[in-house]
Amino acid sequence: MLYLNIFRATVNLLFIFATEVWMLYLVRGVTGTCEIGILSIMPAYSAEIASKQIRGALGTIAQLLNAVGMLIILSLGPYASYLMVNIVYVTTVAVMVVPMFFVPDSPYCMVKKGRMNEALKTLTYLRDSELLAQEEIKEMSCVSGTKITSKTIKDIAFLKSMGIAVFLSIGIQLVGYSSITLYLQTILEVTNTSVSSELVSVIFGVMQVIACFVTAILSDRAGRKPILAITLGGLAIGMLGLGLFFYMKDSGVKINGFMNYLPLVSLVIVVLSYNAGIGSLCVVLIAELFENLTRSIGISVCMTITMIVGFLNVKYFPLLTEILGSATVFWSFAIICLIYMTFVLFCVPETKQKSFLEIQGVLGRK
């Protein structure tokens with residue numbers, strides 16, 4: 001993460017000093033690649049340094065800070081110059097590199113490499129108790145290995161973990177949130193409300209921050225499954241509302257009164273539900289499902305699948321709305337949300353307050 005952040009911060013200077021369009025293409029491609037690498041590592045790192053009592057909260061903080069970053073840009077973008085926006089962005093990225101020099105490495109990684117004394121020292125610092133650190137080191141030794149073998153890949157716990165994680169990774173994109181965010185301006189243009197798109201963007205960012213903050217507080221109290229199930233139901237309601245609005249509009253029904261605000265209300269429900277649920281908790285849950293030896297592989301596979309499905313989703317969303325109609329597409333998203341709600345309720349194990357060894361036991365590891 002340190003190397004990727006330093007490289008990203010350095011390359012990002014081109015956003016300020018670029019003189020040709022191809023330079024912006026280059027820096028955007030390199031920055032995107034670095035960010036995917038960071039996003040693949042960070043969930044595993046967060047899960048491995050946190051105790052089971054705060055693992056959910058610590059994991060969701062990443063999404064919370066992501067929402068804060070988006071809010072800063074959404075607030076500046078409509079009002080500041082291109083240069084000023086990029087100066088703020090590049091400065092923020094550069095400043096965030098500094099703490100990376102002082103954070104400890106993952107104790108699980110140290111155990112895996114046989115650096116037991118360093119792992120004990122790091123865990124003692126993180127847990128503020130040598131006794132707790134020793135107990136956790138002992139548990140790490142039970143779930144850790146040094147080499148992935150065919151037996152590891154064929155293990156029932158790994159197969160279950162991978163199946164659940166991959167299905168959830170696809171769901172992050174198939175619920176339709178990314179399509180709505182990228183085409184938010186287009187959706188707002190078809191409404192007859194007096195709310196400016198600039199103000200809506202800021203409100204949009206504020207709601208993301210609030211939803212992520214609430215989840216960070218509740219994830220280790222209420223549990224992952226209840227939050228995911230409830231918010232997926234909320235997503236379905238929001239998508240149904242958007243579908244109803246566009247169905248009436250495309251049918252030639254006169255839109256007035258509350259119906260003008262139905263898409264805004266639906267968008268509020270969608271934004272709050274996604275960021276409080278699948279947008280914040282899925283990555284946390286995926287990191288928890290894998291044991292130390294396979295966690296990096298599992299998260300990398302899931303992140304790759306998420307990005308591929310996300311690309312296809314965003315690319316073909318306009319085409320599908322043109323062929324099938326906006327209402328049908330939004331109602332399809334609603335059905336997918338309900339399918340995932342059912343999947344979460346019956347197929348996903350609860351990981352709240354469980355150690356990695358306990359989670360592996362639930363998944364069938366002996």
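Cβ atoms are placed via backbone N, Cα and C, with glycine included.
TrEMBL annotations: computationally assigned, not manually curated.
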With TrEMBL as the source, which of 3-23, 297-317 is set down as transmembrane segment?
297-317
Under 8 Å, at least 3 Cβ pairs, sequence separation 6 or more: does that hold for the transmembrane segment (297-317) versus the transmembrane segment (157-179)?
yes
With pairs fewer than 6 apart in sequence excluded, do the transmembrane segment (199-218) and the transmembrane segment (267-290) have three or more C-beta pairs that lie under 8 Å?
yes
